[in-house]
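For reference, TrEMBL has these:
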BINDING   B:88, B:91, B:92  heme c 1 binding site
BINDING   B:246, B:249, B:250  heme c 2 binding site
DOMAIN    B:65-216  domain 'Di-haem cytochrome c peroxidase'
């Protein structure tokens, strides 16, 4: 008799468990997510790479970075998204670093139908000042324009050789971001995450495709288009739109 | 013969008695033991609300006793330098916002070091490496090298530790700060950690700029306001404007992003020709040659001469450099573009830069030599 109540409880709990539930509510596994920077489809080499620009100029890329907000896995079946991080800064700024940077998360094992993130700093965080965080947090004063213009969502910096004289003497500095530009990037690609057998998942971004795509190339020979900072975001809007539209998700089982 | 035996017996007795411990006191005298308080008091840095939270170093939590010990060592010439003539404070003078006014610091032999002494204010907010070239990932590691550099304090750490252990006062201070029991536990690491704890308390946040912008207790002059708006904080950069504003790299409230950049001061033929390679000299990457840490501009009016080698004697020279652009090297910061700077703008910008001086820092007794 004394075992009756626990047995009933066990029966109830077992009955509630859905064998077809795509995402386990209990088993968490480690998921590594790679972020790769490319130029024209090849891994980006900060400073050491010399790249051809569609107008005939050559580029040395010195910096490429972007914020992602609300990085989430989307479970098959439409369950609640699994939040991996609220905010992160993905950055390539050194010739010593590889083109791929990796983040690790603990996530429920299961099948997912995709991944999404907000490109930029989501409005509720963009409204918060760097003084609300520690100096080494990803939202800090070095990435903050000021009280009006707020955080820089993405940066592309390069030196260009416009005359093909082997002198990279034209600075290009595209600093982009404002609440109006915040864009959600969604990938609809199915993958299964399991202990020891998760696929290699890579979010790839191509610097060239942010500057030149679909027959449209940002004119870097025009001095008015070599710098985008703070309030003059209209100049860089098409860079932003191309940047937001060019992300790819690579899944290798 | 009897007399000889008597003498032998007497000498033997004397020897035995001489070797016998004092029967009255059996305690072993341990000259390595340190007595006194050994429970350090955690200390929270005082930071204004308009500053970010300071970076915590879990390897070196700040305590009241650690700060006080560090302050004593920071100012102690006898302990730190081989000839007793210099301490950290010799190159980091409080009245000069913890710089020394020299283009390259002079060590005990009166020989020039490699670089200019950096200001020590607001180090608690630096997420990057320390020194001009980032060679010390942690603040406490930074203090190791100057002690033994022959162009600086030219001492030997073994000698420093010997003096500290034999000192009348320091062993008890080390015990109070780090809870150690014995003098031999006074190590190089604890010594530099104490110095770093003191340095992390040096926070400069009470300039006219702070009073105007954050505290609303003061007003900019017309020139200061123009300097702030015209070139320093340029939030709305019109298309075609080359200069993104000084605040692009010298962001408020710390006025220095601590990132490593080639700011275009060196006219060299190639990346391999920098005399001082900066960050590239640390990590061996030629593309980082000529890159140095962006320093804070707080108290900039007091910290001349400027740049890592003190090449610019005045702020006017600094502004002229940036207005003229760099030297078109491939790793130069793309924001070094050159721009038009009128005399009126220059005067206004200088007026604004002068508002970054924190007068209270210069006499704050918490940062002064112990009495």
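Backbone N, Cα and C define each Cβ position, glycine as well.
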Exercise. Taking the mean position of the Cβ atoms of B:246, B:249, B:250 as the heme c 2 site, which residues outside that list, in the same chain, have a Cβ no more than 8 Å away, listed in sequence order?
Worked result: B:232, B:245, B:247, B:248, B:251, B:255, B:256, B:257, B:294, B:297
Problem set entry | Rounded inter-Cα distance in Å - residue B:249 (heme c 2 binding site), residue B:92 (heme c 1 binding site) | 24
Problem set entry | Beyond the site residues B:88, B:91, B:92: chain residues whose C-beta lies within 8 Å of the centroid, for heme c 1 | B:74, B:87, B:89, B:90, B:93, B:98, B:100, B:105, B:117, B:120, B:146
Exercise. Among all the protein chains here, how many other CB atoms are within 10 A of the CB of residue B:88 (heme c 1 binding site)?
Worked result: 25
For this session: Could you please provide the mean pLDDT value for the domain 'Di-haem cytochrome c peroxidase' (B:65-216)?
Result: 97
Problem set entry | Which same-chain residues, if any, lie at least 6 apart from residue B:246 (heme c 2 binding site) yet have Cβ under 8 Å of it | B:231, B:232, B:297, B:322, B:349
For this session: Would you kindly give the Cα-Cα distance separating residue B:250 (heme c 2 binding site) and residue B:92 (heme c 1 binding site), rounded to the nearest Å?
Result: 22
Problem set entry | Between residue B:91 (heme c 1 binding site) and residue B:250 (heme c 2 binding site), the C-alpha gap once rounded to whole angstrom | 24
Seminar exercise, completed: Fewest neighbouring Cβ atoms within 10 Å among the binding-site residues B:91, B:249 goes to B:249
For this session: Determine, to the nearest whole angstrom, how far the Cα atom of residue B:250 (heme c 2 binding site) is from the Cα atom of residue B:88 (heme c 1 binding site).
Result: 26
